[in-house]
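Structure first, then comments.
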């Protein structure tokens, strides 16, 4: 009995004096993208641990393509948190007094690149300890879109679809009917947990409001769908209307093209005629210039007459100014000056 007590005492002393120990167990943590992950690391020190306290957190990326990265360090009573660029400004110690035995950290605004194994190392010579934590970042379902693929008419086949914009697998789907009798067709039941419901030979009873909820391990989202099953439309009338509308559009286009072409031809013709007139037909002389030239020539002829014969010259000559009709007549070749015949007496002799 005495030997047994001595053995237990020795074991207790050995356990008490074994030094630094990390009390947080290794674990796996799942968090959603954008959230904050708390990574615990608590430790105890032994009486013989008298060296300086050093705390180091390392990250082993999930792709195994990168070597372990130091993301935050405490040494010499100072904190260094700018070792890893991808986590710069997003990793912090949770305690203001690390010597109290709490080396836990927070990683804020989680990204998919933060997935990996995080290792906490605590050293206070001669004691050393470390623990690992596996962090997984998932994406919540979001941007859920519900819609009908097909024509919502009685007797038709169509599909109800539920599609999330993003969300980490595995995803779980759940359809529910919110309006009317809330009773779902029996043929739909096998597909109420799938993203697509195939509707066969639709009836008006299927009309109503439906909801689709998408879930995964870190969150959920949902969308609403209003289904209105209506009688078939007059397809023949719709087709005829479409054909007539197409023909009218073609006629209108042809008329516009014809008018444009006609206008261009008229403009071209006017330009050609105007060009021919300017080059081939000289401009007519004005009435004033013609009259002046005619009177000037007569004045020059009269200047050679003697005063005694002025009365003999018929005044009708002044009435022979070219009329407007003559002025508009085509230009004739230049004629020789008109010669006037007149007589006068001198010393009893008549001279012609």
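In case you wondered, yes, glycine gets a Cβ from its N, Cα and C as well.
TrEMBL has this to say about the protein:
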type: COMPBIAS; residues: 286-322; note: compositional bias 'Polar residues'
type: DOMAIN; residues: 33-136; note: domain 'Ig-like'
type: DOMAIN; residues: 141-216; note: domain 'Ig-like'
type: SIGNAL; residues: 1-19; note: signal peptide
type: TRANSMEM; residues: 239-260; note: transmembrane segment
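Same-chain residues lying 6 or more positions outside the transmembrane segment (239-260) and placing a CB less than 8 Å from one of its CB atoms do not occur. Along the domain 'Ig-like' (33-136), the predicted structure has mean pLDDT 93.
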